[in-house]
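The domain 'Tyrosine-protein phosphatase' feature in Swiss-Prot is assigned to 5-275. What Swiss-Prot records for TYR22, TYR68 is phosphotyrosine. The phosphoserine annotation in Swiss-Prot covers SER52, SER293, SER298, SER304, SER320, SER339. What Swiss-Prot lists as substrate binding site is ASP182, CYS216, SER217, ALA218, GLY219, ILE220, GLY221, ARG222, GLN260, and the listing cites similarity to another entry. Annotation comment: Swiss-Prot describes CYS216 as S-nitrosocysteine, evidence class similarity to another entry. Feature annotation from Swiss-Prot assigns active site, phosphocysteine intermediate to CYS216; the stated evidence is sequence analysis. Taken from Swiss-Prot, the feature region 'Endoplasmic reticulum location' applies to 341-406, supported by similarity to another entry. Taken from Swiss-Prot, the feature region 'Mediates interaction with STX17' applies to 371-406, supported by similarity to another entry.
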Amino acid sequence: MSATIEREFEELDAQCRWQPLYLEIRNESHDYPHRVAKFPENRNRNRYRDVSPYDHSRVKLQSTENDYINASLVDIEEAQRSYILTQGPLPNTCCHFWLMVWQQKTKAVVMLNRTVEKESVKCAQYWPTDDREMVFKETGFSVKLLSEDVKSYYTVHLLQLENINTGETRTISHFHYTTWPDFGVPESPASFLNFLFKVRESGCLTPDHGPAVIHCSAGIGRSGTFSLVDTCLVLMEKGEDVNVKQLLLNMRKYRMGLIQTPDQLRFSYMAIIEGAKYTKGDSNIQKRWKELSKEDLSPICDHSQNRVMVEKYNGKRIGSEDEKLTGLPSKVQDTVEESSESILRKRIREDRKATTAQKVQQMKQRLNETERKRKRWLYWQPILTKMGFVSVILVGALVGWTLLFH
């Protein structure tokens with residue numbers, strides 16, 4: 001099976017057909033209703049206006065007045081794999097994120113982005129980075145950091161999630177890939193596969209637990225790549241025939257726009273081909289991945305790619321990064337080039353709005369804390385004044401009494 005995919009990869013490379021193949025997938029993807037995401041009360045729960053969960057596959061929050069969260073359940077029955085693909089939490093949705101993790105009985109969260117990329121906030125800081133716990137009063141949860149294992153390109157956190165109302169606690173593994181550029185690909189399949197198998201070894205992807213929560217910024221590009229590669233490798237381990245294009249089309253029925261660029265599609269093939277060596281019984285392959293990935297070196301900086309490509313999620317355009325299109329009919333390429341600049345500006349504006357909104361919320365929190373302190377002072381001020389006055393009288397009386405009898 002891996003030989004078939006390898007031949008397909010070589011043909012696509014030789015014929016420079018990654019762009020056309022990607023466009024085929026994009027154009028053949030179905031569009032499904034996503035009305036709930038567009039409700040007025042849910043607008044501030046979406047990081048991007050054009051990335052929404054379908055109504056039929058969206059994850060619903062339980063025991064809340066509003067059950068909406070921008071997250072989709074991707075269920076691949078033949079591989080016995082279920083993933084929750086979601087956007088990077090916003091400041092106002094971190095509480096909903098942890099509620100979802102609890103209700104879905106998730107064992108691990110896989111994070112494939114940095115909180116800030118290219119000076120834009122891509123994700124709120126929803127987990128603690130020190131000994132101080134984070135409390136989410138809106139949904140009644142707290143999160144503590146138990147341990148942290150930092151590698152050169154990923155970090156594993158062990159978190160304690162507590163239901164404040166019941167006192168019940170659960171341990172959640174947080175796998176954070178720190179060097180995967182937005183709209184780009186990891187430096188090598190070896191580093192990615194080493195990370196993927198690290199996640200697998202935790203057991204969090206098996207049907208014995210609730211679905212793993214996987215997110216990047218929008219929950220479609222990097223998250224889609226991770227899910228596609230893992231699913232293909234599972235099917236190959238089972239001896240099943242794997243049609244990568246068809247599998248991706250099936251996964252796109254659950255969440256729009258999975259895999260955002262031809263480069264991500266090409267990288268998925270590379271990772272599947274390399275990962276298949278392990279399924280064939282090459283026991284030393286994981287050791288080679290670890291050596292090639294150099295995970296034990298000091299953490300390195302994120303290498304962002306300054307490229308833009310126009311993406312269309314099942315018929316709806318969204319902003320991407322600059323990348324010239326090749327191998328397309330001239331009319332299609334001209335249309336893409338004409339609209340790429342305006343689409344990029346739109347994505348940048350949305351990122352700036354999200355950043356501004358986060359800063360405004362932080363300012364409001366500081367103002368609220370200042371106001372609470374002021375009210376506490378106004379409450380105690382007259383009491384303390386009276387106590388001081390009474391103390392002065394008592395001291396005066398004591399002094400007078402002492403002088404009188406001496």
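Counting begins at 1 with the first residue displayed.
Quick reminder: no glycine exception, Cβ is built from N, Cα and C everywhere.
Annotation: GLY219 carries the greatest number of neighbouring Cβ atoms among the binding-site residues GLY219, GLY221 [cut-off 10 Å, Cβ to Cβ]. The modified residues recorded for this entry are TYR22, SER52, CYS216, and the Cα of TYR22 lies nearest to that of GLN260 (substrate binding site). For GLN260 (substrate binding site), the Cβ neighbour count at a 10 Å cut-off comes to 27, with all displayed protein chains included. Put simply, of the modified residues TYR22, SER52, TYR68, the one whose Cα is nearest the Cα of SER217 (substrate binding site) is SER52. Apart from ASP182, CYS216, SER217, ALA218, GLY219, ILE220, GLY221, ARG222, GLN260, the residues listed for substrate, the same chain places the Cβ atoms of LEU112, ASN113, PHE183, SER223, GLY224 within 8 Å of the centroid of those Cβ atoms. Here GLY219 (substrate binding site) is positioned 10 angstrom away from SER52 (phosphoserine), judged by their C-alpha atoms. Around the Cβ of SER52 (phosphoserine), the number of neighbouring Cβ atoms within 10 Å comes to 23. Confidence across the region 'Endoplasmic reticulum location' (341-406), taken as the mean pLDDT and rounded to a whole number, stands at 70.
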